[in-house]
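Inspection log for the structure reproduced underneath, given as C-alpha cells.
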C-alpha cells in the first residue's frame with residue numbers, strides 16, 4: 001500500500017540533511033531563578049516557522065513542549081520581517097502601480113490617485129499581527145508552553161532562559177531542538193542603520209519613498225524589494241555580482257526573461273558587478289563598484305541602499321561551544337540525516353543548519369524531526385522543495401534547472417508553453433512569461449519545472465506534487481485541466497515536452 005511505502009521511506013540523503021531530536025524538560029515562567037520539577041519531552045529554542053511548527057506538531061502528538069522565543073512574537077523572520085510583510089507590500093504596491101499605469105486600456109478610468117504610505121504600512125502590520133496571534137492560539141490549543149525570552153544551553157539537558165520581562169528560569173528536556181533561524185549577512189564596511197543603509201527589515205518599514213533606491217544583491221529578496229519601491233516611485237538600481245539575477249538556483253532562461261521584464265518596468269540592473277566599498281554622505285550614500293572581472297571603478301549615488309546579499313545561520317549566544325555542538329565553516333549546525341547533532345538528543349532544523357533558507361523547507365523539517373523523536377521515522381524530499389519569487393510576473397520552480405542537468409551530464413528534453421497563447425492570461429491582459437518542463441528523454445519522468453508568469457507561485461504546487469510522485473510529462477498532459485485557466489499552460493507545456501502542444 002502507498003501509505004506503507006511512505007511510512008517506510010527515510011529522509012533523503014542530500015548535501016544538506018542531518019537529523020535527530022531530543023526530549024526536553026520545561027521550566028515554569030513563574031518560577032524565575034529555579035529549575036522546574038517536571039521534564040519536558042521537547043524544549044525548542046526559537047519560535048520561528050521551524051520552531052513553532054515543531055511545537056504544534058509535538059503538542060498534537062501528546063508531548064509536553066516548551067517553546068522559547070526572544071522576539072516577543074512568534075513566527076520568526078518569515079512572519080514578522082520577511083515572507084508575510086513583504087507579500088503585503090508586494091500585493092498592495094502592485095495594485096497601486098496597476099491603478100496608475102494599467103487600468104485605462106482595460107476600460108477603467110480613475111481620478112487622482114494618491115499613495116498613503118502610512119496606511120500601506122498599517123495594512124502590512126495588521127496582517128502580521130493577526131497571524132502571530134493565531135500561532136499563540138494554536139499553542140494554547142495544543143498545550144504548548146511559550147516562554148518569551150532568550151535561551152542558551154547550561155548543559156546538554158538544561159536551557160537557561162533570560163525572560164523578556166525580567167528574571168530568568170531554567171528548562172530541562174529529554175529532547176532539545178535548535179530552531180534559531182538566520183540573520184542578515186552584513187556587507188563589510190557598510191554599517192546598517194535601517195535609515196540610509198538598510199537590511200530587508202528596514203526595506204519593509206521605510207517612512208518615505210526614496211528618490212533613488214540602490215539594491216546590493218539581485219537575489220529573490222533584493223528583487224522583491226526593488227519591485228516594491230520601484231512601483232511606489234523610486235528610481236531603482238540593482239547591483240549583482242553574478243551574471244544573472246535571481247540567484248544561482250534560478251534557471252538561466254527564466255532569469256534572462258524576468259530581467260527583461262523588470263527592466264521594462266523601470267528597474268535598472270548592473271550584473272557582473274562588484275561592490276568595492278561605500279560611504280554615507282550628507283543626505284545619502286555613495287557606492288563604488290566595478291566589473292566583477294575587473295575594470296574601471298564607477299560611483300553610484302542613492303538616498304537609500306538595501307544590503308540584500310543573503311542570510312547566515314543565527315546561533316550567537318546559544319552556548320553551543322559549552323556543550324560541544326559543532327558548526328561548519330559557514331556557521332551551520334552540523335547534523336545527521338535525522339537532524340541529530342553530535343549529542344543525539346539535541347537536534348537542529350531550519351535556517352540554522354543545512355539547505356535552502358526557505359520557510360516551507362523549515363516547516364517540512366519541523367514535522368519530520370518530531371516524527372523522528374516520537375515514532376523513529378520521518379521524511380523530507382529535498383529534491384522537491386519549490387522556490388518562488390513574488391515579483392510581477394511571479395517566478396517559481398521546483399527540481400533541477402537546465403544548467404544543473406548540463407553540469408551533471410544528465411540528458412533531458414525540454415517543453416515550453418507561453419502565457420501569450422493561454423486564453424485566461426489573454427483575457428486578464430497578463431500574458432508575459434511561460435511554463436518550462438524538463439524530462440528524462442527515455443522514461444519521460446519530470447526532472448524540473450520552471451514558471452514565469454501570473455500566479456506562478458500557486459501553479460508550482462502542481463509541479464511539486466508531480467515530482468514528488470515521479471510523474472511523467474505525459475501523466476500531466478493526459479490530466480484534464482479546467483478551461484479557461486492559467487493552469488492549462490502547465491498542461492500544454494507537458495504536452496510540448498513529450499509530444500506537441502495544441503494551442504501553440
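Keep in mind that glycine also has a Cβ here, set from the backbone N, Cα and C atoms.
Computed from a predicted structure; not experimentally measured.
What Swiss-Prot records for 483 is active site, proton acceptor. The Cβ of residue 483 (active site, proton acceptor) has 10 neighbouring Cβ atoms from other residues within 10 Å, across all protein chains displayed.
The C-beta environment of residue 351 (FAD binding site), restricted to residues of the same chain at least 6 apart in sequence and closer than 8 Å, consists of 48, 50, 77, 181, 182, 311, 313, 314, 357, 362. Summarising the annotation, Swiss-Prot assigns FAD binding site to 69-78, 87, 151, 180-182, 351, 357-360 and lists similarity to another entry as the type of evidence.
Per Swiss-Prot, the feature NAD(+) binding site maps to 217, 218, 219, 220, 221, 222, 223, 224, 240, 275, 310; the stated evidence is similarity to another entry. In three-state terms derived from DSSP, residue 240 (NAD(+) binding site) belongs to neither a helical nor a strand segment and is classed as coil. Long-range Cβ proximity for residue 240 (NAD(+) binding site), meaning a same-chain Cβ under 8 A and a gap of 6 or more residues, is found for 217, 218, 219, 222, 269, 270, 271, 272, 273.
Annotation comment: Swiss-Prot describes 78-83 as disulfide bond. Using a 10 Å Cβ-Cβ cutoff, residue 83 (disulfide bond) registers 19 neighbours.
The transit peptide feature in Swiss-Prot is assigned to 1-34; the stated evidence is sequence analysis.
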Same chain, 6+ residues apart, C-beta under 8 Å of the C-beta of residue 78 (FAD binding site), given in sequence order: 48, 49, 84, 359
Cα-nearest neighbour of residue 310 (NAD(+) binding site) within the listed recorded positions, 69, 72, 83, 483: 83
Candidate nearest residue 483 (active site, proton acceptor) in space, where candidates are the recorded positions 69, 75, 83, 180, 221 and distance is Cα-Cα: 83
Binding residues 217, 218, 219, 220, 221, 222, 223, 224, 240, 275, 310 (NAD(+)) - maximum C-alpha distance in whole Å: 20
Cα proximity to residue 72 (FAD binding site), best match among recorded positions 83, 221, 223: 83
